[in-house]
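Asker: Below is a structure I'd like to ask you about.
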Amino acid sequence: MSDSQTLVVKLGTSVLTGGSRRLNRAHIVELVRQCAQLHAAGHRIVIVTSGAIAAGREHLGYPELPVTIASKQLLAAVGQSRLIQLWEQLFSIYGIHIGQMLLTRADMEDRERFLNARDMLRALLDNHIVPIINENDAVATVEIKVGDNDNLSALAAILAGADKLLLLTDQQGLFTADPRSNPQAELIKDVYGVDDALRSIAGDSVSGLGTGGMSTKLQAADVACRAGIDTIIASGSKPGVIGDVMEGNSVGTRFHAQASPLENRKRWIFGAPPAGEITVDEGATAAILERGSSLLPKGIKSVTGNFSRGEVIRICNQQGRDIAHGVSRYNSDALRRIAGHHSQQIDAILGYEYGPVAVHRDDMITR
C-alpha cells in the first residue's frame with residue numbers, strides 16, 4: 001500500500017439492497033471487509049450510507065404507507081437505528097469503532113457549523129474511528145435537505161479533506177448512453193472536467209429505491225474534483241472494488257481532480273447547498289464568466305427564495321443555467337428591492353448599505 005490516504009465511500013440504496021426490497025447483508029459484510037482491510041493498512045475511511053428508509057420498511061414488515069414526506073421520515077426514524085446497529089456489528093468484528101454523523105443542509109450553509117462539522121469528522125478520523133454519515137432524513141424537510149447522498153458524500157469528502165471519493169452504484173460507471181437500453185453504450189474511463197455534454201449523457205436516471213441517479217453523481221464529482229478530490233463512479237458489486245480504487249487501479253469512471261484546487265473558503269462556497277437563487281442579465285453573465293467581475297445589483301433580474309445576508313446563493317443566466325455560486329452581501333428582500341438599480345442608489349432605497357456589490361468576486365465560484 002502507498003502512504004495513508006483518506007477515502008470517502010458512498011453506498012447507495014441500490015448497492016446495499018442489490019435491487020431487492022431488503023438489505024443485502026452478505027454484500028454489506030463484504031464491503032465492510034474491504035474497508036477494514038484498508039483501515040488496518042493505515043488508511044482513513046469515511047462511509048456515507050443510504051438505506052435508512054429501506055431498513056425501516058424492512059423492519060416494519062413493508063407497511064402500505066402513503067407516499068409522503070412524513071411516511072419517509074417515519075421509515076427513516078426506524079431504519080436509522082437499525083442501519084447504524086448493522087454497521088456497528090460488522091465493523092466490531094475487526095475491532096473497529098464507528099461514529100455516527102447525521103447532517104442536514106443547515107450544517108453546510110452556515111460557515112461556523114461547517115467548520116464544527118469538519119472538526120468533528122476529522123477528530124473521529126484522528127482517533128481511528130470510521131465515521132458513518134447520512135442525511136438526517138427523520139427530521140429534514142425539503143427546505144433543509146441536501147437532497148441526495150451523492151452530493152452529501154461530496155460535502156463529506158470536503159469536510160474530511162479526502163484524497164478520493166468513491167461513489168458505488170449498480171452501474172459500472174458513466175457510459176456514453178444508458179447501457180440498459182442501448183447495447184452500443186461504452187464506458188467512459190476518464191473525465192477531466194464536467195461539461196454540458198456530460199450532463200446530457202447522465203440524464204435523469206434514478207433507481208426506484210433511492211433518491212440519486214447518474215446526474216446527481218455527476219454533480220457530486222464536479223464539486224469534489226474542483227476541491228482537489230479524485231472521484232470514481234464504479235459498481236458496488238465488483239469484487240475488491242474499494243481496494244482497487246485505493247491502489248489506483250483502473251475501475252469505473254475516474255473524474256480527475258483539478259490541478260489547482262479551490263482554497264478552503266471557496267470549497268465551502270462551492271459545496272454548500274444554495275439557500276436561494278438569483279437570475280442575472282446577459283451583461284452580468286458576461287462580466288462574471290469572462291472578466292471575473294463582482295455582481296452588481298444593476299444586473300439582477302429576479303430573486304427566488306428567502307435567504308439571509310451571508311448565505312450561499314445560486315446565480316443563473318436568463319436561460320436558467322447555473323453560472324456561479326456566491327455569498328450574498330444582502331438578504332433576499334433587500335436584493336429584490338435593489339435589483340436593476342445602480343449601486344449608488346442602494347442607500348437611498350434601503351436606508352443602509354453593505355457596499356456596492358450584491359456578490360463580491362472573492363466570495364464567488366463560477367460553475
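Backbone N, Cα and C atoms are what each Cβ position is placed from, and that goes for glycine too.
Per Swiss-Prot, the features are:
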type	residues	note
BINDING	Lys10, Thr169, Asp170, Thr211, Gly212, Gly213, Met214, Ser215, Thr216, Lys217	ATP binding site
BINDING	Ser50, Asp137, Asn149	substrate binding site
DOMAIN	275-353	domain 'PUA'
Asker: Which has the fewest other Cβ atoms within 10 Å: Ser50, Asn149, Thr216, the binding-site residues listed?
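Answerer: Relative to the other binding-site residues in Ser50, Asn149, Thr216, Thr216 has the fewest Cβ atoms within 10 Å.
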Asker: Give the helix, strand or coil assignment DSSP yields for Lys10 (ATP binding site).
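Answerer: Looking at the DSSP assignment, Lys10 (ATP binding site) belongs to a strand.
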Asker: Please work out the number of neighbouring Cβ atoms within 10 Å of the Cβ of Asp170 (ATP binding site), leaving out its own Cβ.
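Answerer: For Asp170 (ATP binding site), the count of other Cβ atoms within 10 Å is 18.
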Asker: Using DSSP and three states only, what is Asp170 (ATP binding site)?
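Answerer: Asp170 (ATP binding site) sits in coil per DSSP, no helix or strand.
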Asker: Just to be sure I understand the packing, how many Cβ atoms besides its own are within 10 Å of the Cβ of Lys10 (ATP binding site)?
Answerer: 31
Asker: Using C-alpha atoms, which one of the binding-site residues Lys10, Asp170, Met214, Thr216 comes nearest to Ser50 (substrate binding site)?
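Answerer: Result for Ser50 (substrate binding site): the nearest of the binding-site residues is Lys10.
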